[in-house]
């Protein structure tokens, strides 16, 4: 049995909710096995990783840090969620001189674990004493084996999860896939097992990832809540400096990344990063970020909101944070 970070039954509250009858037409139809990870959650290649870990590579860390020191296993990980804002968070925290992070996603704890900790360490950038080594791989949050594997590496590892309204996140996830595979069925087709009966297909990864309470239970078997920081993907856009203050406090860093580091790009609709002392143009995320979402049938969005609502409430209770996703929707 895994070590307990919180009291409670093995199955836990979210598992009980999965068996609790929801509103008619809103039942989860997926079997337990359907909640396992989607192996294709990002596209980091072995070649990119070998470049990140090669001699002379800067490893993607702060540009102000000289390339000496030693490679260490990460003390902090951004573990999720896909399409939540993890890239924006990584780029912002890398602006801190006491943070060095891998630019690519190592996928060690889900796809490359058999390569061993020395391989993982070699992928990391070199750090000086007092600097923090970090990496981000958003699929860790939904990988069953990841909490146990990370705990066995270092039980005091700090974990950061960027969460976003699960309905918006699912549409963003679909939009990304659509850009690579234009031939896939419509969002409406994929979201339902039976559209007439309104049965949501929770086995589809775009839907499943957003059931945050279910995935979080797996992590709480190994890590106390005090070691996990939940960052709002929405506030990362509307108040990036405020969210970054929380991240820096959580990591035990001086608050160096502040509002001076951000510039709001009206065209893309989210903040871009700049160095306060630098007069050059702000650095924005790539063209793959801020894609225009396809128009989705309002009835489908309504059904998804009803589907996610009990899980969102459970997530708020588990984390002690209200992300106000329901309030956000009622304002529209």
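In case you wondered, yes, glycine gets a Cβ from its N, Cα and C as well.
The feature active site, for sulfotransferase activity is assigned by TrEMBL to 83.
According to TrEMBL, the feature 3'-phosphoadenylyl sulfate binding site maps to 83, 84, 85, 86, 87, 164, 172, 289, 290, 291, 292, 293.
According to TrEMBL, the disulfide bond annotation covers 272-284.
TrEMBL lists 74-309 with the feature domain 'Sulfotransferase'. In the predicted model, the domain 'Sulfotransferase' (74-309) shows an average pLDDT of 93.
Positions annotated as region 'Disordered' by TrEMBL: 1-71.
When the recorded positions 83, 272, 284 are screened for a C-alpha within 10 angstroms of the C-alpha of residue 172 (3'-phosphoadenylyl sulfate binding site), the residues that qualify, in sequence order, are 83. All protein chains included, residue 292 (3'-phosphoadenylyl sulfate binding site) registers 7 other Cβ atoms within 10 Å of its own Cβ.
In the structure as shown, the Cβ atom of residue 85 (3'-phosphoadenylyl sulfate binding site) sits within 10 Å of 28 other Cβ atoms. It is 11 Å from the Cα atom of residue 87 (3'-phosphoadenylyl sulfate binding site) to that of residue 284 (disulfide bond). If you take the C-beta of residue 83 (active site, for sulfotransferase activity) and look for same-chain residues 6 or more apart in sequence within under 8 angstroms, you find 138, 164, 169, 172, 173, 176.
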